[in-house]
Amino acid sequence: MLLSPKFSLSTIHVRLTAKGLLRNLRLPSGLRKNTVIFHTVEKGRQKNPRSLCIQTQTAPDVLSTERTLELADYKTKCENQSGFILHLKQLLSCGNTKFEALTVVIQHLLSEREEALKQHKTLSQELVSLRGELVAASSTCEKLEKARNDLQTAYEGFVQKLNQQHQTDQTELENRLKEFYTAECEKLQSIYIEEAEKYKTQLQEQFDNLNAAHETTKLEIEASHSEKVELLKKTYETSLSEIKKSHEMEKKLLENLLNEKQESLEKQINDLKSENDALNERLKSEEQKQLSREKANSKNPQVMYLEQELESLKAVLEIKNEKLHQQDLKLMKMEKLVDNNTTLVDKLTRFQQENEELKARMDRHMAISRQLSTEQAALQESLEKESKVNKRLSMENEELLWKLHNGDLCSPKRSPTSSAIPFQSPRNSGSFSSPSISPR
């Protein structure tokens, strides 16, 4: 164990101040020399005080100057030493704080070690107790296994006894159920015969009512269907006749317009051809005039040349004027044709729309007629189905009557599978009272 912290710190502080710090200090070279000189000067003063007094008497002036210099040196040395001493004090304080921190850390580690030892002791005690508990638990487990084996043997014997009792009870219950089932079958057979007679009468009444209602509805549907078909035929014929008339009128109008336009275009073509022939004749006459002039003026070449140029210029001007006039006429005609074409295109679009509307009406009338034909076919099929159902019901009624008269339902010699059917007859009695009725 360590000593107390106060005693250890004081002893360590003394040792550091006495030995360690002064040896380990790294002072600069100038300071060490000054300290040595200071110590030697002090020793010389102590040893030779008389020599100093004699020297002071002989040379006072020199001493005064030397003393002033020495005093200045001593002051500088003292200041340096005071700074050095302060630095040493700071180092001592830092070392003391570090050492105190080390002591605190060591004390903390010692306390943790003591706590770890205490925990080790407690854990060892717990291990000992757990070993004892393990031994006790193993002994109890062995005892419980023995008890389980004993209980298993007892349980097997009890189960065997229960199986034997269950088999005996099962045989007794089977015998009782057989007796009860035979008695109930006899009762249910009698009840079934009574209910069959009741349902027979009900079925006959329902069958008669259905036949009457079916005949009335059939007549009504046929009458309404024939009336609808006649009305649709009349409307269809009238609409067809009107559409055909309007279509023929429009067709005639369009044909007349086309013929008129063709005639006008042919007239325009003939006029243009006549104009072209007149222009060709003019050109031929002018050429002949030019030839005659050339023959007459062949003696003067300059005059001939000038006249030829004038005539050529005149011909060119006339040709250009005629071309311009023709182009103006063509433009006027083209504008008229464009206007006529636009009007005709508008009329054609309008007539096409009307034709499309008429076609749509025709398609609608055709669809309505097809619907009516399909409805008529469906009604005929439903009537045929109802007639088949009525026939089937009549056949079933006849079979039931035949069975009742022959006594098939009252036969005592029947298998157990067949006897299960009358057992469910009161619950399923609705099957007789709800025959297949068509929605019509």
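Cβ atoms here come from the backbone N, Cα and C positions, even for glycine.
Values in this document were obtained by computation on a predicted structure and should not be read as measured data.
Checked against Swiss-Prot, the residues Ser285, Ser431 yield a single entry marked phosphoserine: Ser431. Of the listed residues (Ser138, Ser190, Ser312, Ser373), Swiss-Prot tags Ser373 with phosphoserine; the rest carry no such note in the record, though that does not show they lack it.
Cα-Cα distance from Ser373 (phosphoserine) to Ser394 (phosphoserine): 31 Å (rounded to the nearest whole number).
Long-range neighbours of Ser394 (phosphoserine) (same chain, six or more residues apart, CB within less than 8 Å of its CB): Phe207. Restricting the average to the coiled coil (106-401) gives a pLDDT of 80.
Around Ser373 (phosphoserine), taking its Cβ as the centre, 11 other Cβ atoms fall within 10 Å, counting all chains.
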